[in-house]
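Peer 1: Dumping the structure here so I can ask a few things about it.
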């Protein structure tokens with residue numbers, strides 16, 4: 001059996017060219033960006049027409065090699081390696097074999113499996129391989145230069161679009177220009193993470209932290225009820241095409257290991273998982289039969305595959321479980337409920353908490369990033385900001401310090417369902433308790449009354465909490481609470497969350513954030529319809545909606561749309577007013593010249 005390549009989206013975006021920004025410290029660094037070609041501005045005045053060029057606009061590109069016509073992608077072999085330096089690292093070594101060879105068999109085994117690497121025993125501790133350990137040693141890694149270039153997008157070359165309103169960053173330290181040294185310092189402090197497992201060479205690195213552009217994550221994965229490996233690979237490529245900065249594989253059905261192998265080998269973005277899901281499958285879905293040994297082996301096998309970050313619900317402690325008893329919706333996190341059940345069945349402390357130092361050692365050996373899970377997040381706005389939620393947050397702050405002591409990069413997961421007036425408290429508490437480790441939130445949803453529209457109810461809260469300081473937003477699709485999302489749901493969720501993240505970047509004053517807004521506003525005022533479509537987050541939808549009422553080619557140069565028509569277009573009227581003001585001004589100056597006798601030089605008065 002093989003995956004149908006024709007279902008994978010490889011068409012470049014309209015009027016767009018894949019470009020690569022080269023590293024100066026590390027020549028092998030090639031950072032992908034999308035250059036949107038813009039048509040020229042045409043000015044007509046008093047019968048004279050002049051054409052002014054508009055330079056291409058550079059925007060972030062998470063789509064990988066799939067949108068590069070120069071690269072022939074093959075899902076059977078995986079993406080080209082974007083980090084070739086990994087194979088030459090003297091601090092890592094190849095392992096003798098995989099820890100989970102038996103699980104590679106089945107209906108769709110991956111044909112080209114990489115030999116896994118891990119830190120050499122002598123390279124652990126202070127000389128370890130994680131981005132945090134390197135940063136603390138004062139080293140700038142290729143990944144650090146990569147993300148610095150990715151954040152900047154050569155904004156200094158787009159001066160015409162540089163106007164930007166001052167932002168309110170709520171204490172964030174946004175630089176005017178991102179340098180590899182700034183990145184190194186943020187990673188060393190724990191305020192940013194670069195999820196980049198040494199076994200994911202296909203990865204194009206990204207950085208997550210409140211002093212950087214707000215990132216978004218897309219969830220996907222098989223379930224016991226529906227979906228397949230083929231569908232999930234297709235959705236991963238689809239999500240990254242539309243702008244997902246990371247992807248989480250939340251597969252809970254059969255063949256979890258194989259599904260993940262196909263996804264990781266073909267993913268240009270960091271991949272996250274919740275290892276407890278696969279561990280539970282290994283004990284036939286019986287939470288009380290979970291053991292540390294089963295979970296440990298699952299961590300290692302996923303780290304060997306190249307998973308970049310793990311959601312680990314080590315903050316769900318035995319003493320916290322009774323705090324959820326009076327909740328309207330109890331424990332809504334799958335991982336949280338699994339571990340709560342284990343704690344109660346054994347009346348013991350959560351083994352992820354008691355074994356946390358050992359988990360850190362595994363993470364450090366492969367440079368896997370922690371995403372400390374919020375297993376007690378509120379599942380309804382009635383339960384928001386309650387004792388259970390904040391008790392777990394306190395434990396996550398404690399575990400963050402332990403992870404940092406082991407040199408492991410760490411981010412913190414957050415809610416959930418929170419009404420607008422309670423959102424800021426979540427951010428201020430997290431910054432304080434977790435020492436500014438990056439916050440990664442699911443929304444939050446600001447109301448519970450809109451099933452089918454929860455991508456909107458959550459985007460409201462997502463934009464707000466990202467403005468306050470959340471570093472990454474986990475998308476919510478229209479299918480939230482209703483079913484497994486399909487491709488269209490993934491697209492809607494990603495675009496909605498790109499809007500929320502961008503709105504937060506604007507509000508914070510992220511350098512260069514307003515350039516795309518300025519470019520599309522300029523195109524709109526100049527009736528450059530094709531440029532408006534091409535600059536949009538979803539060019540296809542923008543063009544399709546315009547075509548519904550004005551499909552003719554001539555309508556793409558018209559100075560009106562179907563909303564106002566030719567007689568009432570406000571922007572056309574603004575053009576007329578400006579032209580009239582210019583003519584009136586010229587006529588006034590001509591009249592003044594004649595009244596002064598037509599002399600080129602006029603003598604000034606003696607007084």
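Note that Cβ sites are derived from N, Cα and C of the backbone, with glycine treated the same way.
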Peer 1: Given that Swiss-Prot lists 219, 277, 313, 333, 334, 335, 374, 375, 376, 377, 413, 440 as binding substrate, which residue among 144, 236, 248 does it place in the same site?
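Peer 2: Swiss-Prot names 248 for this substrate site.
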Peer 1: Find the longest CA to CA distance in the recorded substrate-binding set 219, 248, 277, 313, 333, 334, 335, 374, 375, 376, 377, 413, 440; express it in Å as a whole number.
Peer 2: 20
Peer 1: For the C-alpha pair, I'd like the distance in angstrom between residue 333 (substrate binding site) and residue 417 (Zn(2+) binding site), rounded off.
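Peer 2: About 12 Å separates the two Cα atoms.
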Peer 1: Fewest other Cβ atoms within 10 Å: which of the binding-site residues 277, 440 wins that one? Let me know.
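Peer 2: Ranked by other Cβ atoms within 10 Å, the binding-site residues 277, 440 bottom out at 277.
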Peer 1: Determine, from DSSP, whether residue 333 (substrate binding site) sits in helix, strand or coil.
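Peer 2: For residue 333 (substrate binding site) - judged by DSSP and reduced to three states - the answer is coil.
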Peer 1: Helix, strand or coil at residue 219 (substrate binding site), per DSSP?
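Peer 2: Where residue 219 (substrate binding site) sits, the three-state DSSP reduction gives strand.
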